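Pasting the feature list from TrEMBL:
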- C:9-28: transmembrane segment (TRANSMEM)
- C:34-52: transmembrane segment (TRANSMEM)
- C:72-90: transmembrane segment (TRANSMEM)
- C:110-129: transmembrane segment (TRANSMEM)
- C:141-162: transmembrane segment (TRANSMEM)
- C:182-202: transmembrane segment (TRANSMEM)
- C:214-239: transmembrane segment (TRANSMEM)
- C:267-287: transmembrane segment (TRANSMEM)
- C:299-317: transmembrane segment (TRANSMEM)
- C:323-350: transmembrane segment (TRANSMEM)
Amino acid sequence: MNKWKLLLPLFVCMLAVGCWNRVELNEIGIVSATGVDWKDGNWVLSYQVVIPQAISGMSGVGGGSAASVNVFSTKAEGFRAAISKASQETSRRLYFSHNQIVIVGQEAARKGMAPLFETYLRNHDARETVSVFLSKGSARHMLEQLIPLEKIPGAAIQRMITNEEINSSTYRQMTIHQVLLDLMGATKATGIPGLVVSGSRESMNRADKLSQTNTPSKVRLFDLGLISEDKLVGWISGEESQGVMWLKNHVKRAVIPFACTEEAKGQKSSSIRIIHAETKLRPEPSGGKWIMHVDAKAVGTLMEYNCGGDLSKPAQVEKAEKFIEAEITSIMQKGWKAVRKYRTDVVGFGNVIHKKYPKQWAEAKDNWTELFPQTTLKITVRVKLNSAGMSGSGFKSEQEKRRS
Amino acid sequence: MNKKNAGPLTPLSPSLHANAEAIRNRFGGSCDIVVRFFRSDAAPDRELAIIYVSGIVDAETINESVMEPLMSLKLPQHAYVKGGKLLEALRNCVVSIGSIKDVSTLEEALQCLTDGLCVIMADGSPAALIAEVCGGEQRGVTIPQTQTVIRGPQHGFVENIRVNISLIRRIIRSSDLHIQMHKIGRQTHSNVAVLYLHGTADESIVKEVYRRLAAIDIDGVLETGYIEEFIQDETFTLFPTLLNSERPDTVAAALLEGRVAIMVDGTPLVLMAPTTFFTFFQSPEDYYQRFDIASFVRIIRYAAYVVAMLLPALYIAVTTYHQEMLPTTLLISLAAQREGIPFPGLIEALLMEMTFEVLREAGLRMPRAIGPAISIVGALVLGQSAVQAGIVSAGMVIIVSFTAISNFVMPEFNMAATSRIIRFVYMLMAGVFGFFGIFISVLFTLIHLTSLRSFGVPYMSPLAPGPTKQGIWRDVFIRLPWWAIVLRPLDLSLRNPKRRPNGRKPPAQRHSDKP
Amino acid sequence: MQQIGKNQLSILIIVFLIGSTPLFELGIKAKHDAWLAMILAAAAGLLLTVMYVHLQRRAPEAELAELYKMHFGRWIGGGIGLLYAVWFAYESMRNVRDVGELTMMALLTLTPKWIVMLLIISAAAYTVSKGLEVFVRVVQLLFPIVAASYFFIILLLFIARLPDPQHLLPILENGLAPVVKAAFPDLLSFPFGQMVIFLVFWKHVSEKKIIGRASYWSMIGVSAFLVFMNMLVMCVLGPELSAITALPLLEVVQLIRLANFLERLDVVVTLLLFIGLYVKMTALYMASVFTLNSVTGIAYRYCVMPIGAVIYASSFLEPNNTYHIWIGLDITLKIVPLFQVVLPFLMLVVGVRKRYKTN
């Protein structure tokens, strides 16, 4: 048999040279989160490496016997150079494919995140589904924090943002992919949620601290960092961030407290749960400048209503809807003001204009940073209450009715 | 059949004693040759003899149907029978046996003796009378050992070819069932029967079977396996190109589908040809159960086959090359298991697979009584303790066990055996190249599979090449209800491709619920 | 005489044209109008196919080299046939090299290329030595895998809500010129113009009458699919990202995250990539062997190994990936129209003057 004679040497040299890429599971260090800092002209990369035995629960790990992750840093002038230095201080090959989040320290973000994106585009094991966060302090400090209820802090932060995105839409999960899409798009700007360690100054970096019922400090989402080109240009607050989300049509579900006036002033004692929202942007050129028609529609359920009036009457429902519309308009206005201040088009007006008026955009795009803040916003909001909840007029008004 | 060993034929001599002596000498004086001289009233002046091989004849038949009529015969008219006419008279009027014939050479007589027939000779006649008195001890028809079904006939073939043929005859009661007998084996002179359904089976395939059988020259045929290796199209393949079964219903079904069956005396296993890859995934029970469950089970079988071939290789590839494919939590728990395991994944897998193969072979060969001991050793010592001792990881034990169990799902043992060998090739390739290695080896397997043929029928039909007729698919991956399976499954230019007329099932009488 | 059926021909055309095409965002020079360029090129490709089928009808039992001999005489035609054999082998070599490069890039970063390419070329050589019938059957077996994988990927992309049609806007931002530039000659040469290879295989189709219909319809179907995949990738990645990633489809699939377990499906894409490249490489390799056989008369089975060896050896000529892609996209694409358009067209003209009838 001729072909067997041919196959044999093939097989032999195959086995003789074999197994180039082989890595056993106990030879890799699974990185669950990465931190990027800039310090004294060097990139400092921090890694949160999972310790599998501490997690898989074979040895009955309880509250605080051993930390489930280990954090360490390396530094070098280049990004990958820093990563490769890791082999000088760890016995295992760092494995980034299961990395869940990247936290960029404030300093590093102001310096510019281009090397980070470059790394993600060029390397196969770096995945664009990783969530990006900015950190108000150093990124490494964030990685060191243990999070109650969770074994792997990196995965926990990732789940935190998913939860936030789905349930209150103040911040949006920004994966590297989305950041790249925004930064390479027409406007070259985006917003990335920030992280802080709130509470006391005490760091949650010891497993035995989790054995208490309350933790002195915790990691939380805080503020939205505005990125232009590849640099951090400023922070806007959570409330303003929500306005940006409304403008960008990223609101999925949210709870919005509102006041009993149509000017959105006063005590916000009532609230609505938005279950569906959609924002449409329609640009209109007006003498070298732009008018942006923002058309938002929202459907929601009343959760709490302290404005009096009988909600079983349609007129009263319409009134309530007006209150909410006013509130949403004011949220958007706040967001818009904040963004305008930084001249960063994170709301993507430029994109919309590019799609609709490609020719005019070609003229406008060079001095868009100047034109953008001069855009006039025309906001119309339409809220539909599809349910006033399970009670009609409300506790207080019913009480008053009895009294009279 | 055996023209090659037909030397010069020796005619029988007229002397009875010379003949008897010659037969004895040819057998080297073997003790089981019975030669009994006697005289009969039919021809009182001439000595008669009956010769047979004890143990393979039915002694009772000889006594009742041969000896007794001969010896107790007192009819005067037979006294006139003289010379050469004596044997003819005996055949016509005395010996009360259905199958009887004359032979005139010593070699023929010897052949008949070893076939379990008895030879009656008379002094003065250079010929012998052969009466069929086959019998002797043999196994009765019992439940098939290797292919069991829950619903369906519960009898299996035995070692006797005549019984086996009768079992088929009882199922297919048609004159179209043609059976040709051949003798193969210089020494064993085994009976080999070729069965086919005339008008349904492809004539060219039947002829090809004859041609290939005729070309066999070997000293003995003990099992259909001998025949299989001689007549299969491709020797250097891991895939069986002939189906075998010990179930009469399976063979009958194959005949109805236009296949040719080959039986060998002395074994309960019957060969069927031509066979395609997909035939091996069809259990007889598929056709007895409801079609929905049968289809479901059949899909499971295909899946199990893929699992049995690929699962260990995939595990090796994923854990040593493509860790990114695992969900994070799974990766972490697998990584935790692997802490402290001394062997690389490939070696660990090979070790466990080899252990399993040894266990399995031991389970087959050992005496029945110590069966439980093997399972205890296998399950406890090799499974649990190996994991606790940290020599293999728990994940690997799960993988190996599931692979093994998947292998047992296959209804045909020889196809299951294929996956046992190929698995190791895949594992090696996965260990060296990860997924790329698996891809390449599967690709080679596919190319090989499509180049195979069984008696001219492409092995992967009707998938590749695709079906030439609409409707062949109805009994490949799933089984549609019987009334929808119109065509015979073999994609051949059969003379009679339809097994039933087109159309739906006969409508049932509708009973109205209204009063 | 090896024969292939109607369905087999369609499947071969489909898998051959799909090949590795959806993995790359072709026509990206036209940015978000790449899909328009695809449509243009596909239409032109269909025209070419009509021409090829017309040529084939003049002599249904002839293959490419025999057609050329018939039109241009024994020596010139034979010479052109040899050129084709070399070109087919060259294209096959490009696919071998692609396998090497892509494996290095995406799957086995440390494994040397030579062994990877040796393995894939030996699979191709094994197939070619078994003949056209076996090859077509293998393609038939691979087709359901390819179809199911693409379906699965597309389904998951939509479930994960990754595609955003906004990325296709604005249509024709810079007018028609860049679209036409992207379509011709690059997109026409690869993949649509490669239909010329079927002049070698059509001879073996058992029913000559259906060749035209089967080829047109499968080509239309494949073109629609390729355009759709092109749009899909554009919708997910946007024009800027698709332009800078080497393997856009791989990038797209990496973005799928569903239910915490359906993620990191790149291996499915890599598998598709290998299947596509294998089919293409083998078809071209086999066409080269067929053509050489009919030009020189050397028996088919003696051509297999030498051509395989030549393909394998020549795949090492380019020093690195950048070079490989540069030669492939900048040089090759400028030359291949000779084989795909100019020579067949000449043959068409000569045939009209010689008044060959088509049956």
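Cβ coordinates come from backbone N, Cα and C, glycine included.
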Can you see whether the transmembrane segment (C:110-129) and the transmembrane segment (C:267-287) are touching - at least 3 CB pairs under 8 angstroms, only pairs 6 or more apart in sequence?
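Touching, yes - the transmembrane segment (C:110-129) and the transmembrane segment (C:267-287) meet the threshold of 3 or more Cβ pairs under 8 Å.
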The transmembrane segment (C:141-162): which same-chain residues, six or more beyond its ends, come within Cβ distance under 8 Å?
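Distal contacts: 11, 14-15, 18, 22, 225, 229, 232, 235-236, 252-253, 255-258, 262, 265, 268-269, 271-272, 275-276, 279.
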At an 8 Å Cβ cut-off, counting only pairs 6 or more apart in sequence, do the transmembrane segment (C:267-287) and the transmembrane segment (C:34-52) clear the bar of 3 or more pairs?
no
Taking C:9-28, C:34-52, C:72-90 as candidates, which has the most Cβ pairs under 8 Å with the transmembrane segment (C:214-239)?
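Looking only at C:9-28, C:34-52, C:72-90, the most contacts with the transmembrane segment (C:214-239) come from C:9-28.
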Using a Cβ cut-off under 8 Å, which residues of the same chain at least 6 positions beyond either end of the transmembrane segment (C:34-52) come close to it?
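Beyond its ends, the transmembrane segment (C:34-52) has Cβ neighbours at 25-28, 168, 171-172, 179-180, 182-184, 187-188, 192-193, 195-196, 198-199, 215-216, 219-220, 223, 226-227, 230-231, 234, 239, 242, 340-341, 344-345, 348.
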